[in-house]
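What follows is a short report on a single structure.
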Amino acid sequence: MIVSGLSGSGKSVALKTFEDLDYYCSDNLPVELLPDFVKSRLRGNPVGDQRLAVGIDVRSRSDLTQLAQWRQAAQEYGIEARLLFFEASDEALIKRYADTRRRHPLSHLGLALPEAITRERQLTEPLRTQADAVIDTSTLNVHQLRRRVVTEFALGSHDRLSLLFESFAYKRGVPAEADFVFDARVLPNPHWDPELRPLTGRDAGVREYLDNEADVQRYSAQIVDLLDTWLPRLRNDTRSYVTIAFGCTGGKHRSVYMAERMARHAREQGWPEVATFHREQD
C-alpha cells in the first residue's frame, strides 16, 4: 500500500492505522529506494504473506514520476501496489496548520503557507493522477478517517468477508455503520475501581477484572454462540465487511474489552481479515 498526498491531509493517520493492523510501515521513503525496500521485506517470504505500507511525498525530494514505472514492474512480479492519495481543501489545510503550528515541508523555499500548498499540489499531481483512490479529508476528523482507512482499504481483499469489531460510548451515539450492536453496560464497570479507572479495556488489569466476573463469561459465551452461528452465513452476501459494535457508558473499559475479546476469538476461528476500532480511544 502506497500512501501519498498533501501535507496535513491525514497521511500520517493513515500510515499509523495500517501499522496498527500489522502492516510493516515506512514513511517518507524516496521513490528510488522503493524497489530495494520491497525486495528486502519480501526476501524469504511469499508475496501474499507480507503487508507493507509506504509513505511517499514531497519531503523525500525525489522524482515522483518514477512511481508509475515501478508499479508496473511490481505487478509483473505479482506484487499488488495500491496507491492512496489524501488531499483536503486549502481552507482545511490552512486551519490544520494553524491549529498545530507546524511548518509546511516546502516552507524552506521561502513560500507563504497558501503558496506552499499550491506548489505541493503541483508537485504531487503525477501521484494523484495514477492513484487507485483519492480521499478528500476536508470534512473528516481523525476518528472518521481512521475508520474509513480500516473499512475501505486496510482490511484487504474485497472478495472475502472482513470483520470489524468496534467499541463506542453510548453518550456519543451508536455507530451508524454497525451491523450488530451489543450493550456492554450490563457488565460490571471497572470505572468504579480507582486503580482501573485510568486504564482501558486493552490493559491487563481491566482484562483480569472482567475475566473473573461470571456475568462477563456468560455474556461473552452467548455472543460467541450468536456470531459463530450467523457470521458464516454472511459470506455469501454482497457486502465486503461486517461491523460488530460494543457500547458502554464511556467507550473506555467494557466495550473495548469486549471488542478485543471477540476479535481474538474471530482470529482463532480462522477469519482471515479481522480488525478493531475503538472510536473513543483511537
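Heads up, the Cβ atoms here are built off N, Cα and C, so glycines get one too.
These features come from Swiss-Prot:
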BINDING   Gly5, Leu6, Ser7, Gly8, Ser9, Gly10, Lys11, Ser12  ATP binding site
BINDING   Asp57, Val58, Arg59, Ser60  GTP binding site
Binding-site residues compared (Lys11, Arg59) - the one with the fewest other Cβ atoms within 10 Å: Arg59
Residues that sit under 8 angstroms from Asp57 (GTP binding site) by C-beta distance, when 6+ apart in the chain: Ser4, Gly5, Ser7, Lys11, Asn28, Pro105, Thr124
Count of other CB atoms lying within 10 Å of the CB belonging to Ser7 (ATP binding site): 23
All-chain count of other Cβ atoms within 10 Å of Gly10 (ATP binding site): 26
Those binding-site residues listed as Leu6, Val58, and which of them has the most Cβ atoms within 10 Å of its own Cβ: Leu6
Cβ-based neighbourhood (8 Å from the centroid) of the ATP site, residues Gly5, Leu6, Ser7, Gly8, Ser9, Gly10, Lys11, Ser12 excluded: Asp57, Phe86, Glu87, Ala88, Thr137
Pairwise CA distance, Gly8 (ATP binding site) versus Val58 (GTP binding site), rounded so that it is a whole Å: 12
Where Gly5 (ATP binding site) sits in the secondary structure, as DSSP reduces it to three classes: strand
Which of Ser9, Ser12, the listed binding-site residues, has fewest other Cβ atoms within 10 Å: Ser12
Spatial separation of Arg59 (GTP binding site) from Ser12 (ATP binding site) - C-alpha basis, Å: 13
